[in-house]
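Enquirer: Structure in structure tokens, see below.
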Amino acid sequence: SMLYGYNLAVVNSPAGYIKDFYNRTVVSRNGTGLNEEALTLMYSLTVSVFAIGGLIGSLMVGTLVTKFGRKGTVVNSTVLVFLAGSLMGFSRICGSPEMVIFGRFITGIHSGISLSVVPMYLGEIAPKNLRGFLGLMPSIFICAGVFSAQVLGLHELLGKEEHWPLFLSLVVVPTFIQLMLLPWFPESPRYLLIEKHSVHATITALKWYRAKCNIQAEIEEMQEEQRSLSSVETVSVWQLLLDHTVRWQVLSVVVINIGMQLSGIDAIWFYTNDIFENAGIPAPEIQYTTVGTGAIEIVAGLIGCFTIERLGRRPLIIGGFGVMGMCCAGITLSLILQTHVPFMKYVSVGCVVGIIAGFCIGPAGVPFLITAELFKQSHRPAAYTVGGSLNWMSNFTIGFIFPFLQMSAGSYCYLVFCVICLSVAIYVYFVIPETKNKTFVEISQMFATKEAVEESQALTHPDQLKLKKMNGYGSLENEEKQKMHLRFRN
């Protein structure tokens, strides 16, 4: 997760040096340099190819986790980082811009895999009372990765021209540490029992993870889920989309993953320096101010991480999107009025901080956790494939469209993000139930209740409902109608 955050921010500081390298290389090859448009296009490709790789990586998740397991996929995918780090690290020596671009593409594939598999692994190894805490840990380390790139990118450290290849390839260091430690950890107990049918390996893994816990009760809960899935194979993405028994879960994953990227957070990061400059912060100090916003990310992420088991998932994600929506409206107002009201430029800085903090408290990490909790074992890999691919496509879309949106709508472009954030908050409020301290079977039954109530409006009292297993998820029937039908037959 930290590698994803690092790769998001690592190209910001050395942007000018990378462009100079590209131009000098083209001059040495062709005798003439690139014009400004071609150079901008080449650098934009370097940045955006990361998202294209991420999309490809996310589409591979379902196949990889079924074949190699959750931990096995994370371990095996580290080879991509070493390959990408080598390409980017030796690109200047070889005089090859293509090595930088291809290296970014490969790191994108790795990030696309990790961004789905890591939350899935943590969600399956965690006891239900700590699933929220561990589920938000990836967002903390994403923020830590962004912060690390911001700090290392300072001119006093690796922000010099001669250091940019090292700066890009530094991802191999935490990857090497991960590769030394992670193989010693057990595989996901749920994967071992439900998909590999290995009770002994499951007990061994649970003993490793649960020092003080009733292992027998947890195994029984997994076996209940296994029995409900006895006739259900691991579904494909297409089967998931066609399965009407999980349509509300799928729709929820679509809404929160698209909303996370279309919330405007990427656009805010894109214009952070301009907003700080308009607020009167001296140009040499803007890089340190940007590092300060990275620190705010970590603090906000920690607040979410340590409060999620007390507050629940819904308050964090509703509150996070709500704060972001209000701050997007506030930044529009401040940008319009700052030429007439001097203190408004400071309001715009406060809104930037509010958007970042609101995002990191909930929307940055809860969508990945929710994706794990809304689905059973058979549907979870396909759900992560859908959520991850939508996440990356939305990331690429906002990066491509926002400059045109900003040119056409000006300061009012942030109102688009305001509407999206508030719409997602409203959807979560009315549709997604609280999943805190619930087993995966109980969560599925809550959605099954929603499905049945919609299909049978004649039901008036909750005590008239009886759960019936169907395709591993369940539908509800009217108990009174069943009794009347039996009396009629008699």
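Residue 1 is the first one shown; counting continues down the chain.
Glycine residues also receive a Cβ, built from the backbone N, Cα and C atoms like all the rest.
In TrEMBL, annotation is done automatically, which means it is predicted and not curated.
Keep in mind the model is a prediction, meaning the values are calculated, not measured.
TrEMBL feature annotations, pasted as is:
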DOMAIN    1-436  domain 'Major facilitator superfamily (MFS) profile'
TRANSMEM  41-62  transmembrane segment
TRANSMEM  74-93  transmembrane segment
TRANSMEM  99-121  transmembrane segment
TRANSMEM  133-152  transmembrane segment
TRANSMEM  164-185  transmembrane segment
TRANSMEM  250-271  transmembrane segment
TRANSMEM  286-308  transmembrane segment
TRANSMEM  315-337  transmembrane segment
TRANSMEM  343-370  transmembrane segment
TRANSMEM  382-405  transmembrane segment
TRANSMEM  411-432  transmembrane segment
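Could you give the neighbours, burial and distances for every feature on this list?
Expert: Below 8 angstroms of C-beta separation, residues 7-8, 11, 15, 18-19, 22, 34, 73, 97, 100-101, 104-117, 234, 236-237, 381-382, 384-385, 388-389, 391-393, 395-396, 399-400 of the same chain, each at least six residues beyond the ends of the transmembrane segment (41-62), sit close to that stretch.
Packing against the transmembrane segment (74-93) from elsewhere in the chain are residues 3, 21, 64, 68, 99-100, 102-104, 106-107, 109-110, 113-114, 117-118, 121, 164-166, 168-172, 175, 178-179, 182-183: each is 6 or more residues past its ends and has a CB under 8 Å from a CB in it.
Among residues of the same chain six or more beyond the transmembrane segment (315-337), those with a C-beta under 8 A of the stretch's C-beta atoms are 256, 259, 263-265, 268, 275, 304, 307-308, 344-345, 347-348, 350-352, 354-355, 357-364, 366-367, 370, 411-412, 414-415, 417-422, 424-425, 428-429.
Sequence-distant contacts of the transmembrane segment (382-405) (same chain, six or more residues past either end, CB-CB distance under 8 Å): 47-48, 51-52, 54-55, 57-59, 61-62, 65, 112, 115-117, 119-120, 234-237, 239-241, 249-250, 253-254, 257-258, 260-262, 264, 266-267, 270, 367-368, 371-372, 374-375, 413, 416.
Outside the transmembrane segment (411-432) by six or more residues, the chain places 248, 251-252, 255-256, 259, 262-264, 267, 313-314, 317-318, 321-322, 324-326, 328-329, 331-332, 335-336, 363, 370, 374, 402, 405 with a CB less than 8 A from a CB of the stretch.
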Enquirer: Below 8 Å between Cβ atoms, which of the listed ranges 99-121, 164-185, 286-308, 343-370 makes the most pairs with the transmembrane segment (133-152)?
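Expert: Between the stretches 99-121, 164-185, 286-308, 343-370, 286-308 has the largest tally.
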Enquirer: What is the average pLDDT across the domain 'Major facilitator superfamily (MFS) profile' (1-436)?
Expert: 83
Enquirer: Do any residues, 6 or more residues outside the transmembrane segment (99-121), come within under 8 Å Cβ-to-Cβ of it, and if so which ones?
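Expert: Cβ under 8 Å, 6 or more out: 1, 3-4, 7, 11, 18, 45-47, 49-61, 64-65, 70-71, 73-74, 77-78, 80-81, 83-88, 90-91, 135, 138, 168-169, 171, 188, 368-369, 371-372, 380-381, 384-385, 387-388, 391-392.
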